[in-house]
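What follows is a single structure, written as structure tokens, with notes after it.
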Amino acid sequence: MESLIPTDEPLRQEYFMSEVNDIIHTGAIDRGKYPTYKVVTFGCQMNARDSEKLSGILSGIGYTEAKSEEDADLVLFNTCTVRENANDRLYGRVGQLKKSKEKNPDMIIGICGCMMQEAEEVEKIKKSYRHVDLVFGTHNIYKLAEILFDHLKTKKQIVDVMESADMIVEKLPNKRQYAFKSGVNITFGCNNFCSYCIVPYVRGKERSRKPEEITDEIKGLVADGVKEVMLLGQNVNSYGKGLDEKINFAMLLDEVAKIDGLERLRFMTPHPKDLSDEVIEVMKNNKKICKHLHLPLQSGSSAILKKMNRVYTKESYLDLVKRIKAAIPDISLTTDIIVGFPGETEEDFLDTLDVVKQVRYDSAFTFIYSKRSGTPAAKMEDQIDPDIIKDRFDRLLKTVQDIAAENTKKNEGKCMPVLVENNDEHLEGYLTGKLENNLTVHFKGGKRLIGEIVDVVLDEAKGFYYMGHIQTSEE
Ligand code: SAH
Ligand code: SF4
Ligand code: F3S
């Protein structure tokens, strides 16, 4: 039997998808319906994209999507572990599903993603959460069908976590959350080891996908109706290192922008330490590339940036922003900031506020420093008092919000292209969409416009979003 199973990927997974498909199909005939699944995603865009791949495999083997995790036949938690104590929330939800499993004994519960790359979490599940059936990490999400097959055959808890990624498995199915936009991985992992961050430990060393795999995937997506693509990597700027081809991120960006039918191109995340002038030039010269850069600052103090191992200074960051704004005057800048890193003084914090005021971000994700065990920063002395952090966090948030409100106000009355994404959940008859700078606009319209790019007049700025109306032919 074993000898019939292919050893090469993706053939091996195609074999298991077909095997599980048979089991599911036979079961569906007995039960009179196909089983349902729910993938619950925590964390960043990488995880969101991984969840689309997991959903693709599940759909491919015969599962249909459930409305909620309680009534799904298979629930998969795709976890994030960037902050300490993220596990409390997860285990609360996993614990609750025990009741659902008592009602539906065939229910399958899986946990995967970044948290499962931590040995102590896996041990905890093995010991205390016996009702969890599948456990796997970030490096082998492509193996879902094989892991599920092993469980269906043995009815045992299957734990399959790889310590590092030995290869990139291409050409497996995926099921997109949105018909008209998609993330596309260009690199996996991270080599930067910022001292507060767990990502390099749970996502492994950086690997770039081959350029033709990326462009082929995007061409396929476009043929399938995708208008907007976001290139994904923990540091997209280091794309190309280690590949046989001589290619860097600027060249890839230029190549992707040439793809016919693709209307909008974004990327996340460019590390400020190596965003090249070449990339700025490509952005400037390509209409399809959104004039938006998410440029994580983390701190405005050169001393703290050094302790964070970010490899840039307050001055070099501001200089980079100056060069970007000179080349692309209407660029929208957004950022991530951490408050309360070990040893952060009031002066350091004032440097952060100063950068925020000079750069004038359109929006910013502000985080309270989390003492993430397993990272070098967790062992640093001078961890900051939570009351002081709270005070700084509030001041930062106020500054960020005031500036964002002033920025959005400036665009009031302008007409801009909007990619229509959803029905507005709160306003009957309204739609929501995204501007090129990723800010949200709400406006009246019918749902047939979802997935289209329409011109919207921004009537009223509301801080981080707008109320608008679709431009009429008379305007
Ligand atoms: N690769 C991206 C960030 C990925 S993690 C980059 O380099 O910018 C997303 C964000 O989580 C980070 O930008 C950082 O602001 C935040 N973050 C990571 N570790 C953190 C920690 N220990 N405490 C608080 N915020 C953290
Ligand atoms: Fe974490 Fe730094 Fe890598 Fe971003 S670049 S994922 S913050 S280590
Ligand atoms: Fe992303 Fe969280 Fe993992 S931020 S890479 S899902 S630890």
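Including glycine, each Cβ sits where the backbone N, Cα and C put it.
The [4Fe-4S] cluster 1 site recorded in TrEMBL comprises CYS44, CYS114 together with one of CYS80, CYS190, namely CYS80. In this structure, the binding-site residues that sit close to ligand 1, with a C-beta under 6 angstroms from any of its atoms, are CYS197, chosen from CYS80, CYS114, CYS197.
Most buried of the binding-site residues CYS44, CYS197, judged by other Cβ atoms within 10 Å, is CYS197. According to its DSSP assignment, CYS114 ([4Fe-4S] cluster 1 binding site) is helical. Mapped onto three states, the DSSP output places CYS194 ([4Fe-4S] cluster 2 binding site) in coil.
Ligand 2 lies under 6 Å from the Cβ of CYS190, out of the binding-site residues CYS44, CYS80, CYS114, CYS190.
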